[in-house]
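Notes follow once the structure below has been shown.
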Amino acid sequence: MQTLLENCSVDHLCSFLQSCVYDFAHISMDKSGSHVAETALKSLARHLEDNENHSLVEATVSALCEAIVVNPVDIMCNCYGSHVLRRLLCLCKGVPMDTLEFHTTNPSLVLAQRLNLRSSLLDGSKSQENQPFPDQLKYLVTEIVNPSKTDVGILLGDQYSSLAALKLLAGQDEELFRLIPILLGCPADIVVEPNFIEGKVGKKILRLVEENAYSHLMEVILAVAPDSLYNEIIMTVFKGSLFRMSSHRSGNFVVQALVAHARTQDHIKLIFEELGSKFRNLIELGRTGVVAALIGASQRLKIYEHKCCQALADAVCLANESSACIVPRLFFLDNYLYSNDKANWYWPNGAKMHVLGSLILESVFKFPSEHIQAYITSLMSLEANHVLELTKHPAGARVIEAFLVSNASAKHKHKLIIKLQGHFGELSVLNSGSYTVDKCFNASNISLREKIVSELVSYETELSKTRQGPYLLKKLDVTGFAREPDQWRSRQTSKQSIYNEFYEAFGPKDAKPSRSENFLSNTRPKPQAENLKGMREEINSRLNSAFPSSSVSPFLAHQGKPKKSGNKHVPEGRGFAKDDENLSKSKRHKTGKTGNSTENNNGGEIHDEKSSTVKEKKRRRKDGLSKSSDKKLKAGNID
């Protein structure tokens, strides 16, 4: 049946679904039938952009929605039916059916977002775009949370009740203002205004968030709540109870969400007042995620950055201890905490690195260097064999990379890079180590770059067989160095000279870099950094074109094709009130790739003849000069 549904025409698919509308709820709650229902919805999603059959698909979706809302509680609280309902919600919204962010509370994704290592899809910025069936979505969500038809209390405590409903409404404030108070336990007809949450309701919420199911729901509420609702929740419900909730097995995840989705600097001030002095207590209780979330929020809202970094350092390093112990203890947090002799604790050889501690360090090195001097000093004090051990571990390598792209001084970066000298070849063939070698090269001066490339020459054949190897070989021009070392140095010197000129022209005006610093290792505000990155790629393309040195094929990062929006004007369906605001659809805009930019070949002449232009294009294609070859796709998954 599933195979037939995957390959049948849209007419037969809709005919099948409409014929089993009255039994759709029972099919969805069956162990085998739920797979058939999900397959049918997946197939239906592939026809959303079919203009000719859009009305047929819409009629089918409307019929399914009406069948679901007859008795939504049974489906939502069923381990099979809840998955089918999420599929239907995603179909109405027009989001990818298998998007993890809308289907689960994936720990890795959530943690990455709370540490500012990954952007969230729940920002509402695109919530109104590409919705094929906005009226059906509104109708379905309204009915399944309708207090007159549904026992909301059952849904709040059930582990299977769908979180996707709220996630898919991100950015639709009008609907959220109506639904969230109901989920908080307020009367359905309450007017949302300051202090609308009564004291007894707030106490009930604090009890509920200690339950696993409701804590998950509250995390989503805090993520999608409009600013005024979020402010009401934190001020009325959680203020004064943050440490107690942070210490709880389930409540600490709610506090993490509360901190990670803080809207203003005042919220961070309030949270830090209650938790700033409790970092060590939280770490000892195993609630390091709360500390990590507060550090990430401080960085995002640019408030209490120094205080958060200092509080973390004080939590793992006592006043009478050297700051050199900060980084090792965070890397091996569990090993340190459970040590019987903490005063004499030392780097444990072969011990497992603490994932969250490593992620915290990665986040810390994104702060301005004036706030993290103790961490830089601690990293610099590591022995060479310990730095090598870190670089060979994926979590440790990401911390090293974060430091190398930070705005720490070039002197400190060079000192760390020198500790890896003699091991760049073996690191380059490792999945994680190859990225670190790339960052080391960027942060190095000419002499250090030469040492790095010289170590890679003997690994050229082995590197060409790895995923990142071809990119690394081309960027570092390993073949060119092996053939003509003098010309390689000349090209590197020319690139560095042009980088410095661009820095003087487009870099920050309030601070001048020292001569010893490398242009690539400086960090600037994100928009300007992106512009400079584009300039750097253009320079590399022009210089590589002027100095062809190797026939190594570039590593091309595969980029997905842009998805078509498939927006349609939805005709009026059965039983659905039209929302005028949802009738306006965003138009599709095709953005073409920019052509060749104006060439500036460092003093060369600009040739206007058509034949010269054609030759240049052919040569660029032959040399494999592509912007995508300068990009590196690194997995953001957290172990």
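Cβ coordinates are placed from backbone N, Cα and C, and glycine is handled just like the others.
Taken from TrEMBL, the feature compositional bias 'Polar residues' applies to 516-525. Taken from TrEMBL, the feature compositional bias 'Basic and acidic residues' applies to 569-584, 605-615, 623-633. What TrEMBL records for 593-604 is compositional bias 'Low complexity'. Annotation source TrEMBL lists region 'Disordered' at 508-531, 545-639. Summarising the annotation, TrEMBL assigns repeat 'Pumilio' to 236-273, 381-419.
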Long-range environment of the repeat 'Pumilio' (236-273) - Cβ separation under 8 angstroms, sequence gap at least 6: 113-114, 195, 197, 202, 205-206, 209-212, 215-216, 218-219, 222-223, 225, 227, 230, 281-282, 285, 287, 289-290, 292-294, 296-298, 301-304, 307-308
Per-region confidence, the repeat 'Pumilio' (381-419) (mean pLDDT, whole number): 97
Counts of helix, strand and coil residues, the repeat 'Pumilio' (381-419), according to DSSP: 29 helix, 0 strand, 10 coil
